[in-house]
Amino acid sequence: MCFVHQVAVDAPGLQLLDYSAETPLAPGTLVRVPLGRQTVSGVVMACTAMDDSPRAIALRPIEAAFDTLPPLDAAWRELLQFVARYYQRAVGEVIGAALPAQLRNRKPADLATTTPQDLVYRCTEAGLEELGASLARRSVALWRLARALGVPGPEAADAPPDPADSAPLALSEARSLHPQARQVLAEWAQAGWVELVDTAPSAASMPAPDLHPEQAQALQAIAASDGFAPFLLFGVTGSGKTEVYLQAASQVLQRKPGAQVLVLTPEINLTPQLVRRFEQRFGAAHLAVLHSGLSEGQRLRHWLAAHTGRARIVLGTRLAVLASMPSLRLIVVDEEHDTSYKQQEGARYSARDLALWRGRQLGIAVVLGSATPSLESWRAAQTGRYTLLTLTQRASGVLPRVRLADTRRDPTLRASGALIGQTLDAALRQRLERGEQSLLFLNRRGYAPVLSCPDCGWMSDCPHCDAHLVFHRTDRTLRCHHCGFQAAVPRACPGCGSLDLQPVGKGTQRVEEALAEKYPQARIARIDADSTRRKGAAASRFDSVHAGEVDILVGTQMVTKGHDFQRVTLVAALNPDAGLFTHDPRGPERLFAQLMQAAGRAGRAVSDQDGSEASAPEMLVQTGHPEHPLYRALVAHDYPGFAQAELIERERGGMPPFTFQALLRAEHRSFDAVVEFLAAAQQLAVPLAQPLGVTLYPPIPAALARVADVHRMQMLLESQHRGALQRMLTSWRGALAAQRSRVRWAVDVDPLDF
Ligand code: ADP
Ligand code: ZN
Ligand code: ZN
């Protein structure tokens, strides 16, 4: 007698494989199995008894099982299979995205795990710094204990300790690392290196404010919900959405012992305040944080905290939606419209959509929050599929007034290279005089998007991409923002030898320079991907803005997200018109969301510290199209009006959310190979698509048709019915795989980028 185990192995491209074992392993057990000449990790998905038939005997045996780790539960395993099926990927690839690398590469013996427990030890800051030195190389077991608490190992002696390393450690867990763990930890506590923290969620360290009536109504609706209940919490920046999340989470935790809450946020580095607020409210020991910026060790510890139930709140970016949370009772998706919820590589899943799927699976509430919901969610709220909760007022401060400055009527902007119009100039001077801050943003880093020769029309194009090289003045380079190619600025035009090469258009560096020239007394800071490349650079620049050491902040969209700037009373967008007229059908939606979000950076403060009235907060948009309906809606703070107009357009154009789409993306260095592959793909698709009523569009080049010498093309599929599209894709994908083409291809379901 032996047992056949179906295992989802951690190897891209592979579905479930069979392995044998003499005793049955519970589904969800993490195992190590042989694959070719390697050993890889996998998750047991099913197990059946089998006689000693030749087939059973021929199976390779499971090498080891992580039996100290609680098995991944059925709900998680279903999620894994759903992601693979819906997004047309192999299960093996989804495992790779869902489990931390250290779990996938370790042997079971290396892994200390734990049962949920409310009393845990935590390393103090002093401990992080001193404990390691006190141990020197004394005992392996002591070191194991210290490392589990996050103390940097001897090899990291020179690196400063990172407080994010400090991980809660339960006593049971500690005992498995050191037999006398209790005594040792008591000694360390005496020395001030560790502290015992109570992780019971009632131990909130910060009191919650009383809710405003609209907030209270929203909270009440969420708390009263039963079973799967999707909510759209619609409220401008500062209207108190986060406070509603906090109190909804708190209610869930108090009502059900051991319950867990998942909070998704687009980019954790841009929302440090969100993490801090959850920490303050619930205590850091209850919080696991999951995002791609963690070290492998940190990611494993936080993942385990979620999986074992020790973490009551898991706060993370899109990958956190795949976390194992056995007692999940509430999901929050903050800024649900944000496109970074869509994974753009490998298994291209949408974390927002998966959050809703998990909510339905578990029969729990899902709160989607936004000031500018995605049109998908807005329509769902309009048709009653989601419950709409609205916060109309700012919780503190006032909404900025939005003004449009017409660039066509502004004589100062006629001069070539002029960037700051009259209206903006006056507004900036007023802020400078009053000692208030201004924030200017535009979506282009570098000095100018292209360098050009007025004599012969030469342009600085990337030799490897269908894109311009961006002129960076600080180091006099031309750089490709797509492939990283870099070249020195040529002294003369490569086309005609002219010495008069001109920067065309504007980037953040150029704006910074123009501001410095115009306002020599002002302290100016720039925040974009170039100025913040060093680790910690972004944080320290933001800190100096918060500290009032900056008068004018210039940046890309990095500055428009998340931060609560107390002293900013002016936000200006420098000609965002390009977003109105892109090939991208979602361009307007994105532009509107970005401008609203940027507007939200102004007017947090009511009055100055010395009591004098601050300027009325305002947002200024320099535009050549002030009559455009999008800007009109912006001035009126009218998201519903904007969304309704957009939805009418979408319905007319047969676009999502009125249809469902998928994209076959293909790329290769040989253009012909891509064309050939897609022609074959189209032929295969026709007989599959017709009976299901799926519309096929001919293959076309991607918006960026060549990157780093790789040609990229795509083919769009569309259907009124999600199910029909799914069936078509599943058979088509099989047929495509059988082609064994050298072209790299992938199916992108519900694509956001074209
Ligand atoms: P949002 O998430 O919609 O941007 P927040 O929840 O961050 O809004 O609230 C904006 C500000 O108002 C925060 O400083 C928050 O602490 C404060 N705030 C929110 N709700 C209340 C309330 N009911 N009473 C007092 N202050 C509140
Ligand atoms: Zn020239
Ligand atoms: Zn390039």
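Glycine too: its Cβ is placed from the backbone N, Cα and C atoms.
Marked as domain 'Helicase ATP-binding' by TrEMBL: 222-391. Summarising the annotation, TrEMBL assigns Zn(2+) 1 binding site to Cys453, Cys456, Cys493, Cys496. TrEMBL lists Cys462, Cys465, Cys480, Cys483 with the feature Zn(2+) 2 binding site.
In sequence order, Pro454, Asp455, Gly457, Trp458, Pro494, Gly495, Gly497, Ser498, Leu501 are the same-chain residues whose CB sits within 8 A of the CB centroid of Cys453, Cys456, Cys493, Cys496, the residues recorded for Zn(2+) 1 being left out. Same-chain residues that are not part of Cys462, Cys465, Cys480, Cys483 yet have a Cβ within 8 Å of the Cβ center of the Zn(2+) 2 site turn out to be Pro463, His464, Ala467, Leu469, His481, His482, Gly484, Phe485, Val707, Ala708. Between the C-alpha atoms of Cys456 (Zn(2+) 1 binding site) and Cys462 (Zn(2+) 2 binding site), the distance comes to 18 Å.
Per-residue pLDDT, averaged over the domain 'Helicase ATP-binding' (222-391), rounds to 93. Taking the Cα of Cys496 (Zn(2+) 1 binding site) as the reference point, the closest of the binding-site residues Cys462, Cys465, Cys480, Cys483 is Cys462. Counting only same-chain residues at least 6 apart in sequence, those with a Cβ under 8 Å from the Cβ of Cys462 (Zn(2+) 2 binding site) are His468, Leu469, Cys480, His482, Cys483, Phe485. Cα of Cys493 (Zn(2+) 1 binding site) to Cα of Cys465 (Zn(2+) 2 binding site): a distance of 20 Å.
Fewest Cβ neighbours within 10 Å among the binding-site residues Cys453, Cys465, Cys493, Cys496: that distinction goes to Cys496.
Compared over the binding-site residues Cys456, Cys483, the count of CB atoms lying within 10 A of a residue's CB peaks at Cys483. Checked against ligand 3, the binding-site residues Cys456, Cys465, Cys483 give Cys465, Cys483 in sequence order as having a Cβ less than 6 Å away from one of its atoms. Cα-Cα distance from Cys453 (Zn(2+) 1 binding site) to Cys465 (Zn(2+) 2 binding site): 20 Å (rounded to the nearest whole number). Only Cys453 of the binding-site residues listed as Cys453, Cys462, Cys465, Cys480, Cys483 bring a Cβ under 6 Å of any atom of ligand 2; the order follows the sequence. If you draw a 10 Å sphere around the CB of Cys480 (Zn(2+) 2 binding site), it holds 21 other CB atoms from the protein chains shown.
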